[in-house]
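Notes follow once the structure below has been shown.
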Amino acid sequence: MEATQVSDCELLSIIQQSSDMEESSDLYDVYEAISPAPWAEDHQHMEDLDNVECLRRKIKYYFMNPCEKYHARGRKPWKLFLQIIKIAIITIQLVSFGLSNQMVVTFKEENLMAFKHLFLKGYVDGGMDTYAVYRQADVYDHIDYIIREYGHLHNITVGNHAYEKNGTFYTPLSVCQEFYRNGTIFPGSETFEIDAQVDTDCREIYPMYQPTLRDSLSDFEIHFKRMLSVKITFVLKAINLQTVRHRELPDCYDFNVTITFNNKAHSGRIKIDLENDVDINECRDWKVTGASARNINLTVLFDCLIIITCLTSFSLCTRSVIKGIRLLFEYKHYCKNRLSKDVPWSDKSEFVNGWYILIIVSDTLTIIGSILKIEIQTKVLTSYDVCSIFLGTGTMFVWIGVIRYMGYFRKYNILILTLRAAFPNVIRFICCAGIIYLSYCFCGWIVLGPYHEKFRTLNTVSECLFSLINGDDMFPTFKNMKQKSSLVWTFSRVYLYTFVSLFIYMILSLFITIITDTYDTIKQQQQSGTPTSELQKFLSECKDLPNSGVYRLDENSCFFDHCINRFRKHQERLTSEA
């Protein structure tokens, strides 16, 4: 019994030891809860580094050219192939439409010339600027000539012109006289009394009935002293048959002809002008034999192919823009959380590829233009001018986009970089120079306008001064100044000499200097190879080459990137320990 009994001292010793062990266990648990193990910190740190490296690799892949992306992930540059095909077919479409539109323009211009020879008495080609009458009898004689030629149009024209019909009747020719309501003018005694209210007196003459003014309107009298103008208007119809040779359906034209006898200046010279407003319509009933409609259908199918190609290009470029915006948000999140700073606008603009925006705009314009072209081919619409604007602008943007692919070569890229870097400074410089330019325009218009043809309107003043900046028409601008006023003539010399000296020798030289300085800066940066922005510095830490195989992983997941990086670091650690 004594051998198995435990003394009180021994029992107390055992209890004390167990309590010490419990306290140490509790302290270990508290320490473990407050301070994580060193291996957990290393794991978290490595994971953060892997996330940053993954982001850096994704952004670097986004900025690669198609060839580098092919080496990085083995993806064929379908977008590049699509753009090349699109450039070719859009150019073919534009040339085809341009040839068709050229026939329309030629038909309009030749009809205008024919109307001048048919209805203007004694007209000579190129003589509209000096075509005028100076006697009252000549005014009546010219009006009679117009009415007589209009009445016998079927017998004299060599074209397929015809009168417009309103139901079963032909539309009449209209003669309208605009004049002051009342007025007594006595230049000899330098007295006059005038009522500025303008009245209009219109008469109608139907074709092939009364061929002269005297026969049709015996009571018609022109008030020359009060007359402002006499306008003769009529409508003729024609069909453009030349399009049949190009396997296109002809259009029907309405020519709204207006012949104006302008006497607003009351200077003793009544200027005569003929204007032609053209409306292109779909012919109501047509039948073409000897030609197949197959070519027209093929043209429509070709336009549909262009629309499908542009829609595909539009979707691919839109997807790339959205991807760039997503990467921008990820990069902004990284800079805000890890670096505690915002991304500058220059770096933000890098993620929004301007070339993609240009392609999206060109695709949109080409799609709209192709739809209009199909409607023109099927004679649903005849909006040649609107279609030309859309197709022309779209093709222009497509060809400008070719520069993007030239920029993949280092020697050609300097042009794009120079234009992009110099653009803000150029805009600011143009705004300042434009203010000086406008001041010269207003001054030249108000002072030199009465004495020089190139300064008669603000539009011609602007064109003249812009030509002087480029060195065009320098001597004729000085020479054609009329020397009727010695004061104005002297002012014109001071005006022209100061403008030429200021813009050619100073402003234009400064403009060239801005481009040259930007070019030198870009060239030095390319030669040095040092990053110039925070984004470039961030991407320069990624040393993975396109053909390294790292980029072949799934771009939406970085799990395998973590494994690769950890494996690399583990191998480096083993090597260093060995």
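The backbone N, Cα and C atoms fix where each Cβ goes, and this holds for glycine too.
Caution: TrEMBL annotation is automatic and unverified by curators.
Listed in TrEMBL:
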type	residues	note
DOMAIN	104-284	domain 'Mucolipin extracytosolic'
DOMAIN	380-522	domain 'Polycystin cation channel PKD1/PKD2'
TRANSMEM	300-322	transmembrane segment
TRANSMEM	354-374	transmembrane segment
TRANSMEM	386-406	transmembrane segment
TRANSMEM	426-448	transmembrane segment
TRANSMEM	494-515	transmembrane segment
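Across 300-322, 354-374, 386-406, 494-515, stretch 494-515 shows the highest tally of CB pairs under 8 A with the transmembrane segment (426-448). With a cut-off of 8 Å between Cβ atoms, the residues of this chain six or more beyond the transmembrane segment (354-374) that come close are 83, 90, 93, 97, 300, 303-304, 306-307, 310-311, 313-314, 317-318, 320-321, 324, 381, 383, 386-387, 389-391, 393-398, 400-401, 404. Counting same-chain residues at least six beyond the ends of the transmembrane segment (386-406), those with a Cβ under 8 angstroms from any Cβ of the stretch are 80, 83, 86-87, 90-91, 93-94, 97, 101, 355, 358-359, 361-366, 368-370, 372-373, 376, 412-413, 415-416. Taken through DSSP, the domain 'Polycystin cation channel PKD1/PKD2' (380-522) splits into 122 helix, 0 strand, 21 coil. Taken together, the residues of the domain 'Mucolipin extracytosolic' (104-284) have an average pLDDT of 86.
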